[in-house]
Amino acid sequence: MHLSIEQERAIQHKEGPALVLAVPGAGKTTVLIHRTVNLILNHKVSPERILSITFSKASAKDMEERFNKMFLDLSPIHVQFSTIHSFCFSLIREYAYINKIKYTLIEEEKNQLNKYNVIKKIYFAANEDYITEEKLESLLNSIGYIKNMMLTVDEFLKNNKSDIENFKTIYNTYEKYKRDNNLIDFDDMLTTALEILESNKYILEKYRAKYDFIQVDEGQDTSKVQMEIIKLLASPENNLFIVADDDQSIYGFRGAYPKGLLNFNKIYSNGKLFFMEQNYRSSKNIVSVCNQFIKRNTLRYNKNISTDNNFIEPINIIKVNSIAEQYKYLVEDLKNRELSRCCILYRNNLSSIGIIELFERHKIPFYMRDVKVRFFNHWLIQDIINFIIFSQDTSNMSIYENIYYKKRGYISKKQINYAKTLNYSLSVFDRIMDFPGISNFYKSILKELKLDFKKLSKMSPSDAINFIEYDLEYEKYLKENSMKFGYTYDVLKTTIYFLKIIANNTNNLNELTNRLKYLEYLCKSSKNVKDAITLSTVHSAKGLEFDRVYMIDLVDGDFPSISSIEAVEKGKYELIEEERRLFYVGMSRAKYHLSLITLNNLGGKIVEPSRFLLELEKEKA
Ligand SMILES: Nc1ncnc2c1ncn2[C@@H]1O[C@H](COP(=O)(O)OP(=O)(O)OP(=O)(O)O)[C@@H](O)[C@H]1O
């Protein structure tokens, strides 16, 4: 590889603080790896005296693999690429050992003591209601945000509206619980490590003496607390080398603080600033589209991407009518391709469900970058399955108790409790009909319900889902309750839609549940699949590159997200700018071919193409 002058300059930087600001594909990771080698070979720095911090475990691994590939002959040299969390945890463990304190990681606790169960319990105590997965995620993000931005809960609430009822009580109870039990969580690893470094001179000096050089990759996703830790460690020599692209900052919701980079020269008046604006990854067509697209953001260092690469083909904006058409296009277009060089990207993990079903049927090997797919354990899927199970035995009270209030025909808790005292081999409806003082009108409703469930028991899974949704009015329940569960109704509708796609190919409940289990297994075990196409959220594709990239389901309200669009309507632009950066990260993963696919109809609903696509089209015209 022939390194450019800009790259060489950055690589040759040895002492003092430096920030390398670069565009996508400019070789940030490449520079970091070459600099490491330069320090070791030309400056005789011992590898263990270099601390390289990456953003996630996956990028630490990716970087190590790239290092080993690039410098096969140096392989016996073990170079340490660590996440900031694992670095902080080893520091905490050392401090704990010296001071005979025991810190346990709450994420590693088993069963009821585990972080998720503890938070669920605290939420229940505060709100007398169960927390949904969506709300749990939002709650955890907010807690993480507070810690990463070094805020108090009051400061957070002053500027942020939380969708979690009684957020402050929950936050404080959770903090107290951890304190009382000597527990820490992932976010506390950072705040605790900082507290230790600030208060314990011995540890601070020991860690400062341990490393001569500190390097940070993906600096744009470094949070305030992380930056404080790094600054403390690097001082007083400040041999700190950060590579970053503020345009690729996509973790604002978790407390990433790219503005910290914009202050680099204020923090280090002797700091060197390197710019790398040449892209080595993508065709001229892709680079030019990316450049125009990101320039519309206002909160950024102004950079110009250029490339010496050739024009190959224009980016492809594809409009199809339906998901089925989108899938047909993908299967056709992927024929005879080298799949390991291709990738499908989406904004939301839910989009992967239809693709997995499709690819399994067409025997297209795939690798899922995000292993945690919530769909398979979603309460909505469980509800639908419960409806079908109950239809096969309408005396099954324990199943009925989960669904009786989610369908047509009001039935009270009192009636359920009464029915429980009667002969349990009778249908639930017959038992409720016995309820004292029940009217004839009400009895006719119960009779109808009983008949409907009989009908349901004879249906194929896909007919059954429609019947549950419309005839039994489960749809109405979802509409009325979606916000309470922390969803928009559209997301729930799309979840059912993907379940229908899977159900379409099954003949009975057994086949459907087996299929769901099998697909879930495929997702979890896809890591070792050979010659596979990569499926990934855009977030998880950061740092990667592929010959062909397909970005799918590009619908307004999904990408950009509905909350960012609503914020724009109120004159707030931060969220939409983060969505734009995310879109930019997605597009800039492509080397030669980029397809952006939108639809007219998503799961029976007319939808509009992403406003980002309209913008790209206008620019092309
Ligand atoms: N001087 C060079 N000559 C040729 N190819 C290069 C050069 N520098 C980097 N590359 C290649 O360009 C691609 C992008 O490099 P790299 O992944 O290091 O960029 P990056 O800035 O970290 O990208 P991103 O921020 O978009 O993830 C890689 O395939 C890399 O091998």
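Easy rule for this one: first residue shown is 1, then count along the chain.
Cβ coordinates come from backbone N, Cα and C, glycine included.
Per TrEMBL, domain 'UvrD-like helicase ATP-binding' is recorded for 1-283. As annotated by TrEMBL, ATP binding site applies to ALA22, VAL23, PRO24, GLY25, ALA26, GLY27, LYS28, THR29. For 284-543, the entry in TrEMBL reads domain 'UvrD-like helicase C-terminal'.
Positions of the features from TrEMBL, shown on the structure.
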| residue | record | CB count, 10 Å |
| --- | --- | --- |
| ALA22 | ATP binding site | 27 |
| VAL23 | ATP binding site | 27 |
| PRO24 | ATP binding site | 24 |
| GLY25 | ATP binding site | 25 |
| ALA26 | ATP binding site | 28 |
| GLY27 | ATP binding site | 25 |
| LYS28 | ATP binding site | 25 |
| THR29 | ATP binding site | 19 |
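Those residues of the chain, other than ALA22, VAL23, PRO24, GLY25, ALA26, GLY27, LYS28, THR29, with a C-beta within 8 angstroms of the mean position of the ATP site C-beta atoms are THR30, ASP245, MET276, ASN279, TYR280, ARG281. Proximity to ligand 1 (Cβ under 6 Å from any of its atoms) holds for these binding-site residues out of VAL23, GLY25, THR29: GLY25, THR29.
Secondary structure at LYS28 (ATP binding site), taken from DSSP and collapsed to helix, strand or coil, is helix.
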